[in-house]
Amino acid sequence: MNFKLLKPLGFILTFILVLNSCKTEQKQPRSIQRGKLADSIMVVSAREEASRIGAEILKQGGNAFDALIGVDMALNVAYPFAGSLGGGGFMVYRKANGEIGSIDYREKAPIAATHDMYLDENGDAIASLSREGALAVGVPGTIAGMFAIHEKLGSMPMAEILEPVIALAEKGYVVTENQWNRYRNYAAVFDSINGMETLYSVGFRESDSLKVKAGDTIKNPVLAATLRRIAQNGKSEFYEGETAQKLVNFMQKHGGIITLEDLKNYEAVWRRPIVSSYKNLKIIGMPPPSSGGVCLAQIFKMIEPYKLSTYGHNSLKSIQVITEAERRAYADRSFFLGDPDFNDIPIETLISTEYATERMENFSFKQATPSSEVEHGVIPGYESMETTHFSIVDQYGNAVALTTTLNGAYGSKLYADELGFFLNNEMDDFSVKPGVPNMFGLIGAAANKIEPQKRMLSSMTPTIVEKDGKLWMTVGTPGGSTIITSVLQTILNVADFEMGMQEAVDAPRFHHQWLPDVVTFEPNTFGKSLLDSLAAKGYQIRQENSVILGKVDGVLVLPDGTLEGGADRRGDDTAVGY
Ligand code: DON
């Protein structure tokens, strides 16, 4: 035997053994349960009818911007819970050439609005006034938004886009079990606000004379007529024409303060998106008057130094880091954020790495930081539900994320029977009095106080994410104050926890917003020992059967260019792709 050879042979053997042991220790990639896959286009929205109309527009050669108008208008017909002709929203886009932008068509306070319009003679807030009926309604922005988008980015004639929507309103949509359950909850309020004879009060009253059940078809010829007039006469139909006059008469009859001047003055505004980063991702978010882009960027910056993927998905340490970052970001939200046309907002500082580091300095894994000990940050020189989301990627590579709302379910519950749609109760998103929470428990300050023609602060977070300079995800959700944290967790689920789009959307979620000082968990999905460990560290846990945190709809671009739709299991949401 040649002993000289033994030594190198030993090295080689050891090397092979080490290599093998490394191999067995190497983490196996998870196998991903994908959602709807498609080569070319994907539309994900809260209703199948709307997703199909969007996909058809794309198949006819329209682009994502044409499709978004079709989807948005179809949701007015088939998803009156949130469909927003009587409301407003935000849209973030990324064109195939990489150009990005966003539009704000948020409702505005009427000219006659005053800072104390929801307070009684003792100065106490009367919650119902900002939530139900005509006084709760902000000047609707949706039609202005749709026409501004169409003018700048659309490619098909408006009348052609609206044609299938008008047909849907005439033919009717089928009421799902989910929708039926919701309608029933509100039938009595509809009756008391609108009388017994409107489409939804009569149709959905729970009584012996009940006319509509799950599975039945609802036609809305009045809405079809409104849309036909809009298709013929354009934006001015809604803001100056017959529709405007009918709307103003209706508002006045119900004790509202919106005038023709309010409608004529309304303009949608193009705004520069909030651009930030998380590791190798570029996050493109909605700027104020939505708090979504700023808060999301802040939370991402605060959690970036921590190794979430090592801690594990929904593990004790991950939940702690995310909750503590959310606590600090929402404390800042309540103080600094409001309509940018009325406030100077220190956005650059708020979303900077240095500020995030400073905000997390007092965080410890040992113990929760009580919200009572967290105030908004100090920035030198600074003085001072129901919504729906859809995501579209077209065959040209354009992507849109659009979130739109009436605020509460069916908004103010006020149904304009001669026009065929519900009106928003967005005025409740203002801070009606410092320290008094709105319907999402959010507290605001001077930056978000009521002023004539001001836009109320929003949490809506339509978001587009790039990876390595290419489109990676378009995502968003309803959920009031929980929108920001649901979008955050969905992006993290794919970026840090190796999930696909559908899995990321379906995964159990939790939420924290500074005040109230509780962490809310979706029911029956987080283990008792995990929740006990969090409680032992001082986190107050809230878990109720009725809690649903968002309904996220997103599209992920896979490395080979395939599109994966994620349609949230929590609703009737549907991905349609080809
Ligand atoms: O703009 C906002 O933040 C709220 N008006 C959104 C309301 C909402 O998401 C209700 N949906 N569940």
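Numbering starts at 1 and runs along the chain as displayed.
Backbone N, Cα and C atoms are what each Cβ position is placed from, and that goes for glycine too.
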Which single residue out of Arg94, Arg106, Arg182 does TrEMBL record at the L-glutamate site shared with Thr405, Leu406, Asn407, Asp429, Ser458, Ser459, Gly480? Arg106
Could you check which of the binding-site residues Arg106, Leu406, Asn407, Gly480 have their CB within less than 6 A of ligand 1? Asn407, Gly480
Based on DSSP, name the secondary structure state of Arg106 (L-glutamate binding site): helix, strand or coil. coil
How many other Cβ atoms sit within 10 Å of the Cβ of Ser458 (L-glutamate binding site)? 29
In terms of DSSP three-state secondary structure, what is the assignment for Gly480 (L-glutamate binding site)? helix
Fill in the CA-CA distance, Arg106 (L-glutamate binding site) to Thr387 (active site, nucleophile), as an integer in Å. 12
Pairwise CA distances across Arg106, Thr405, Leu406, Asn407, Asp429, Ser458, Ser459, Gly480 (listed as binding L-glutamate) top out, in Å, at 14
I'm trying to understand the geometry here, so how far is the Cα atom of Asn407 (L-glutamate binding site) from the Cα atom of Thr387 (active site, nucleophile), in Å to the nearest whole number? 6
Might you list, by sequence position, any residue in that chain lying six or more from Leu406 (L-glutamate binding site) with a Cβ less than 8 Å away from its Cβ? Phe81, Ala82, Gly83, Ser84, Gly86, Gly87, Glu386, Thr387, Ser412, Phe422, Leu423, Asn424, Asn425, Glu426
